[in-house]
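S.K.: Just passing along the structure, written as structure tokens.
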């Protein structure tokens, strides 16, 4: 467990890397990998079709590939990366949390949420998190390691398969939104997260064919990485986990603020919004008597007025051993009104999954 305020930007050394997987590679790299084991390059396209378009991982499902080639291709490009430990469901089965065991025994979680008009999946980019926010169960656990691009992508592939196969009530469906708001700080695992976004949005069968506009990447505010992300030219939405409008409080709630202050973080976010043409999302967990004073709402509104932003207020979700709790309804209402008075769009998030520890800030990947 990290010490209060301690930050970890780099994953521990000596951690064994996951096996290479189709989803780690570009289409050109897949052809090279297939050729390296003596197979025709077009087999790479066939494998991509099975994985990204049909969600078919088992060699016996690849009927267009000779039986004698299947096992070699599986070993080279579709090794087993992760297995399901369990699913937990709530909301009549329309919210489902999955606990995954990775190849090395590491545990991570993802959450699928089906609404009447959309299906959203919250995915993890790291096992644990090094940002050490004291109100977040993931942050309090520390960082185990980064996930590979394929380990990130496979969470979505399995979610899409589950929706197609009717495992989630409501009939067959397709994912409409992906949010990098599960375990980890996405921009601290920059290259693999960017690789995952490319796999998710590459046209089928090279990728999953999802829209960049349906993807949200959340960050506590790693300013150099935000600038770098701006240069990628993505149309994803960027969400900044702000949680306080003043440096004095944010230094405590979001320890990375000791490196990059509120105005630096917001300016980097505004730059991304201008380049991408997407509104910046401001995430703010309301904590009773800590950051929910109306004057802080007023200060936040002043910082954001006239900017292309949307404020997402999150009633604090309980975590084991936490001394904090959600705001009183009257304080929440006054906070909303203080922000809205500056013409800044603000909503309170419809929190799901709290009963199964699947809501924002609750993912701890425990086998208990």
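Keep in mind that glycine also has a Cβ here, set from the backbone N, Cα and C atoms.
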S.K.: Which of these, 211, 218, 327, does Swiss-Prot say binds S-adenosyl-L-methionine at the same site as 184, 185, 241, 242, 243, 317?
M.R.: 218
S.K.: Relative to the Cα of residue 129 ([4Fe-4S] cluster binding site), which of the recorded positions 109, 184, 243, 317 has the closest Cα?
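M.R.: Comparing Cα positions, the closest of these recorded positions turns out to be 184.
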S.K.: So for residue 109 (active site, proton acceptor), how many other CB atoms are inside 10 Å of its CB?
M.R.: 26
S.K.: When you look at 184, 185, 218, 241, 242, 243, 317, which the record names as binding S-adenosyl-L-methionine, what is the longest CA to CA distance in angstrom?
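M.R.: Across 184, 185, 218, 241, 242, 243, 317, the widest Cα separation comes out at 19 Å.
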S.K.: Could you say whether, by DSSP, residue 241 (S-adenosyl-L-methionine binding site) belongs to a helix, a strand or a coil region?
M.R.: strand
S.K.: At 10 angstroms around each C-beta, which of the recorded positions 122, 133, 136 has the fewest other C-beta atoms nearby?
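M.R.: Sparsest of the recorded positions 122, 133, 136 by Cβ contacts within 10 Å: 133.
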S.K.: Residue 243 (S-adenosyl-L-methionine binding site) to residue 136 ([4Fe-4S] cluster binding site): how many Å between their Cα atoms?
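M.R.: Each residue's Cα considered, residue 243 (S-adenosyl-L-methionine binding site) and residue 136 ([4Fe-4S] cluster binding site) end up 12 Å apart.
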S.K.: Let me spell it out: for each of the binding-site residues (241, 317), count the other Cβ atoms within 10 Å of that residue's Cβ, using every protein chain shown. Which one has the most?
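M.R.: Of 241, 317, the one with the most crowded Cβ is 241.
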